[in-house]
Amino acid sequence: MTTQVPPSALLPLNPEQLARLQAATTDLTPTQLAWVSGYFWGVLNQQPAALAATPAPAAEMPGITIISASQTGNARRVAEALRDDLLAAKLNVKLVNAGDYKFKQIASEKLLIVVTSTQGEGEPPEEAVALHKFLFSKKAPKLENTAFAVFSLGDSSYEFFCQSGKDFDSKLAELGGERLLDRVDADVEYQAAASEWRARVVDALKSRAPVAAPSQSVATGAVNEIHTSPYSKDAPLVASLSVNQKITGRNSEKDVRHIEIDLGDSGMRYQPGDALGVWYQNDPALVKELVELLWLKGDEPVTVEGKTLPLNEALQWHFELTVNTANIVENYATLTRSETLLPLVGDKAKLQHYAATTPIVDMVRFSPAQLDAEALINLLRPLTPRLYSIASSQAEVENEVHVTVGVVRYDVEGRARAGGASSFLADRVEEEGEVRVFIEHNDNFRLPANPETPVIMIGPGTGIAPFRAFMQQRAADEAPGKNWLFFGNPHFTEDFLYQVEWQRYVKDGVLTRIDLAWSRDQKEKVYVQDKLREQGAELWRWINDGAHIYVCGDANRMAKDVEQALLEVIAEFGGMDTEAADEFLSELRVERRYQRDVY
């Protein structure tokens, strides 16, 4: 694989400093490197003694608090950019993760900014669930002295677009808060809206918040920035796909791939619990089909981010073709005056259903029209990377990263269709072929700091991925804590992902217990939540012993069913009523003993 040299313009070190750093760390293990990273982070964030000794009186410096509630990293990036803007304006600002925010202090906030995404069916990001629940409970305080603003990120292809932001905005107002600005709901292409909103927030706050003296400017609460790398979503690493192995059986209804990617000597680091971002290319055959349906040639010039490209290239590399949205359907109907689609306009439910069941290319096939190239480009959304839970630990695989990919395949009236990123990895990248990747760090899905702490892992289907990483790490660390896995899929013989590895972990004593749910191997369907109830007494003993609970997989059904089963176990074996059980689980979440990576 070609050596990846980090772009020098992106590095804060000069070549001599970089060489000294590499020489000093060349013989460190991954665990030692992680410790060093944390050590320097701590050094960086220790306030100078002189500042600590002479803090400004609180009355003179009503600070601004930014709460970042992020699921995939976009909300965090917006919050960090706003923090930097406010510091540049010499305003006193604190940035915190929603999961780290002591929400009972919200009554004392004078200036509060919330940047949030939405997941599942309108739920807040995992790290903001406890805060959201608190604000909507009877315990929520009045906020008459709080001025606030909310920036909400979402995806208009989903029914509950930006619902989390709408919730926070309406509840903060209901509790007596004063809106600094109207809420902004941003779609997938959020950057321009975020930039404009940040400028408006700075202007609004400059007129209300006292300017901090240079010696008092506080850059506290930098969110998830202990991870420094020249590679990012906007500057991905060009890595190499080394393994593409189908790990479901020949007769399985699912096509699940184990993908290994060689990071070479890039120095890219990750931890168990992180996600891998993958930039993909659309299938050239799909591009050709769409272009021909619109009576275009593919060589028409179009403008993409200020650059002129041939239409075929723009569609393959820059635009989303495999996910339709209600907005696209509505705009296409209006643009083409389609007799089939125009009756849907104005009916949100029908538009959502049509978009969910009809890919863009089939919408054009069923309602043909002739568009010019620029009109087509303006209709589509920008291509965005897909995130996959990482299925490996660098303590074992070193300069590789593994992911578990469920390939999306389906038919539309006899025509085969596939997911953009999953089919790219499974079908279109040759071994040793290039893949553009980056790490999306997730500090809200981490193994316990204490290696003696028991771990309960619940991950049906491809939700098993991060727990493979967890076990590799626990084995490498020789962690004495007990480990319990709940896994489920349709059939034992066809769908037992990584079966040999789990059996080895059981044999070696690394995996203390494993409970399996095969939903189609018997007349009565059995799911992981049924296994949780079945093992309720033992599960409660583990929880009482301080176990951390992890859930990974489908957010819309599985995660809710699993949470309901956990609540029932806590109520029954903990001797609690429903309300007390809910409060108990919320406390586990606040203590980082109940963590979820759901999508």
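In case you wondered, yes, glycine gets a Cβ from its N, Cα and C as well.
Keep in mind that what you see is a predicted model, and the values were worked out from it rather than measured.
NADP(+) is bound by S519, R520, K525, V526, Y527, V528, Q529 in Swiss-Prot, and the record lists one more residue there from D477, D554, D561, which is D561. The C-beta environment of V526 (NADP(+) binding site), restricted to residues of the same chain at least 6 apart in sequence and closer than 8 Å, consists of G488, A517, W518, S519. A distance of 28 Å separates the Cα atom of A421 (FAD binding site) from that of Y527 (NADP(+) binding site). DSSP assignment over the domain 'Flavodoxin-like' (64-202) gives 55 helix, 32 strand, 52 coil. Other C-beta atoms found within 10 angstroms of the C-beta of D155 (FMN binding site) number 19, with every protein chain shown included. Cα to Cα, Q529 (NADP(+) binding site) and F161 (FMN binding site) are separated by 28 Å. Within 10 Å of the C-beta atom of G73 (FMN binding site) sit 21 other C-beta atoms, taking all shown protein chains into account. K525 (NADP(+) binding site) sits 32 Å from T322 (FAD binding site), taking the Cα positions as reference.
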